[in-house]
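These come from TrEMBL:
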{"type": "REGION", "residues": "A:1-20", "note": "region 'Disordered'"}
{"type": "COMPBIAS", "residues": "A:11-20", "note": "compositional bias 'Polar residues'"}
{"type": "REPEAT", "residues": "A:46-80", "note": "repeat 'PPR'"}
{"type": "REPEAT", "residues": "A:149-183", "note": "repeat 'PPR'"}
{"type": "REPEAT", "residues": "A:250-284", "note": "repeat 'PPR'"}
{"type": "REPEAT", "residues": "A:351-385", "note": "repeat 'PPR'"}
{"type": "REPEAT", "residues": "A:452-486", "note": "repeat 'PPR'"}
{"type": "REPEAT", "residues": "A:487-521", "note": "repeat 'PPR'"}
{"type": "REPEAT", "residues": "A:522-556", "note": "repeat 'PPR'"}
{"type": "REPEAT", "residues": "A:623-657", "note": "repeat 'PPR'"}
{"type": "REPEAT", "residues": "A:658-688", "note": "repeat 'PPR'"}
{"type": "REPEAT", "residues": "A:760-794", "note": "repeat 'PPR'"}
Amino acid sequence: MASLPLPTTPNPHFSRSRYTQTRKSINVTTTHLPNFQNNEQRFPISYKSYFHHISSLCKEGQLPEALAILTEMELEGFQIGPEIYGELLQGCVYERALFTGQQIHARILKNGDFFSSNEYIETKLVIFYAKCDLPEVATELFQRLRKQNVFSWAAMIGLYCRIGCNEEALLGVCEMHENGYFPDNYVVPNALKACSALQLVKFGKGVHGYVIKMGFDCCVFVASSLVDMYGKCGVLEDARKVFNLMPERNVVAWNSMIVGYVQNGLNEETMEVFYNMRVEGIEPTRVTIASFLSAAANLDAIEEGRQVHAIAVLSGLELDNILGTSFINFYAKVGKIEDAELIFSRMNERDVVTWNLLISSYVQDGQVETALDICHQMRSENLRFDSVTLASILSAFADSSNIKLGKVGHCYCIKNNFVSDVVVSSSIINMYAKCGKIEYARRVFNTSMQSDLVLWNTLIAAYAELGLSGEALKLFYQMQLEGVPPNLISWNSVILGFLKNSQVNEARDLFLQMQSAGVQPNLITWTTLINGLAQNGYGYEAILLFQKMQAAGIQPNVVSIVCVLSACTTIASLLYGRTIHGYVMRHEISTSPSIVTSLVDMYAKCGSIDLAKKVFDSILNKELPCYNAMILGHALHGQPAGAFAFFEEMKKEKIQPDGITFTGLLSACSHAGLVDKGFEVFTEMFSKYHVMPSKEHYGCLVTLLSRCGSLEGALRFILTMPIEPDAHILGSLLAACREHNETDLGKYLSEHLFKLEPDNSGNYIAVSNIYASTGKWDEVSQLRDLMKQKGLRKDPGCSWIQIGEELHVFVAGDGSHPQTEVIYHMLSGLEREMRFMGYVTADGNIKYPASKSIT
DNA sequence: ATAGGGTTAG
């Protein structure tokens, strides 16, 4: 019989019969033990051999076999020492085998005090229960410990970290330190993790100091954790410093740096680190790839993402659920939905996240039907919808204004208790608002959690979109009374509300207010303002604002470029339009379809049909909007043949025309005086192309008749058309009155116009044009003063150009067209179509010379 | 020690 190193005192509970019972209970078959069973010679096996065998079985995860040997040892009469139980418990820790571990714990207890009060065993038990994520049991055993040590502390701190009790974890670190146990390089990473979870950079820095003092800073684990902590706390400079100082860097160190950049939106830096990592020859892991893909998705970097896809395949990385979803996310975000689908079909395991990502991909792509299809498939695979699924499909119903399905979705949320999720309820509010049911949105908001910022923002955005700026502002104040401080999105929405309601000054004022409140405007704020100014007739100021934005260090994106191009268009600034075109070419965003379309539109409307055509020809997949831009461009040039040629080309390419196409064709007819052709197009529009005529189309015909036919014919047409004439239509009649010197009829129509829209500044301009054309400058001045009194500053009916200190004001030949046309005429040398009205000096006074030619 | 999905603003 081999001698035991421990215990030195006999165990009173030890008896053969007890262990025989245990043997039965664990159902051991001796076939597991070939070396021992088949050895007929039966050399005496030493305790040490048994121990090593158990130890290696435990390390291989063969716990039942290890237990069987334990039983065999007991049958052989060995007294079991703590190190054997320790090995077994360690095996259970590796395997997270809670049940087996509990059995071992029971055996230890049966062996009595000697074992259960052994420091080594006690610690192992704490570690075991901690690793099995049982905080109650682990804490109880930890508190009953006769002697704590670094290991038991490490286990408890690790447990607290895993289950998200980060405060407890940090308190533990402090307490162990106070009790004289120095946190080792296994405890430090957990402490740092807790710091980042709690965003306690200062505590993290303290730990960093401790790390340096203890000399742990050369430990890769610790240093990587420091990089991770600084990254998660947003202190990228410090993360980088630690990273640069690391004597050796493994994949995790590189990954931590990459993850830090990606999570802070520093996408370019992420890519740079990735490339450096490649240069150093470090093989990427799934973490590397997933993080890189996230950056590539944010940057719309299709090529880079595809290359990394190839790298992942070449590196033989397994396409697990998380890596797979990263690929789906990347391909969906860059608009390659087919590739996203392909990845999805190749994945072996899919969970709710995977399915949700595919659903939201289709929603973002505007494919509502397919998204719903996927929902059904998801259900047939016995996966339940969660709040993420519902938020996605509700936003799909919002985008497609499908209130019927929206209501079904709302009911589903009520039945399945999703309405308490703020993300879901904000989706419901948004859905009702986008479906035109603002009162339903309000009611859902009233019954929801009123402490959530996003819910407030959703409702404010809904009112803002409708131009109900008063209501939006009221909510903006109300949320602050309820103790919810507004964020950037709240400010942006209120500004948008003002601009949608033509309250340009209020919008500008709020833009200043937000800055004095310490909220810095972002790209969206600037773009909202630029777009709003352009839409309200302040094209020049919009361009100045765009330049100011760039001076403030904010890089424009696709949306802001499109907005500033539309500003160029409204004031026909070919010069600045070309500047923007240059910017676009230099920054390699010239492939964006919306920018290209805007460029065509800008050139066409600013008077350079040749440049418009040049850009148009460079487009590979031409869609409806760029054809429309070319048609409108030719219409404005008074080239109906060109407009109709593009219409024919469009038909050849099997592109369905829409309402805008026909507005272009009709205005081409109106410019060229083709009355019959105009009515032919009008008839074809609804009989052949099933496009319902809108107010705009009727307006074009009224202009056509009043210009080319007779004023009388136009009046008769107005009486027979199926819609009420709006201000725009009356405006074009008014212009015709001026052409025909029908001043009395003009004055009569003006009264109607002011009744229809008393605060529309465009009407003031239209009426003042009548007076201007007959040289009645006093009346013009009176109307301008009235506009100033009313706070109206919008000047869509006339146009101006700055020459030195003077602002020269022009009016179009018939005064009925947007100012764009005026400057277009000027640029294309068609001065005869235009009449010079006067000029505004720098101090704001208007001077009206009798006449002036333009050079 | 490091990695994946949803809501609100242009």
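Each residue, glycine too, has its Cβ placed from N, Cα and C.
Just so you know, TrEMBL annotations are computer predictions that nobody has curated.
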Please give the sequence-distant neighbours of the repeat 'PPR' (A:487-521): residues at least 6 beyond its ends with Cβ less than 8 Å from one of its Cβ atoms.
453, 456-457, 460-461, 463-469, 472-473, 476, 479, 528-529, 531-533, 535-536, 538, 791, 793-794
Would you list the DSSP helix, strand and coil counts for the residues of the repeat 'PPR' (A:351-385)?
26 helix, 0 strand, 9 coil
Let me spell it out: take the repeat 'PPR' (A:250-284), skip the flanking residues so only those 6+ beyond its ends count, and list any with a Cβ under 8 Å from a Cβ in it.
220, 223-225, 227-228, 230-232, 234, 236, 239-240, 243, 291-292, 294-296, 298-299, 301, 304, 308, 311-312, 315, 317
Averaged pLDDT score, the repeat 'PPR' (A:351-385):
94
Non-local residues, at least 6 beyond the ends, that sit with Cβ under 8 Å of the repeat 'PPR' (A:351-385):
321, 324-325, 328-329, 331-333, 335, 337, 340-341, 344, 392-393, 395-397, 399-400, 402, 405, 412, 416
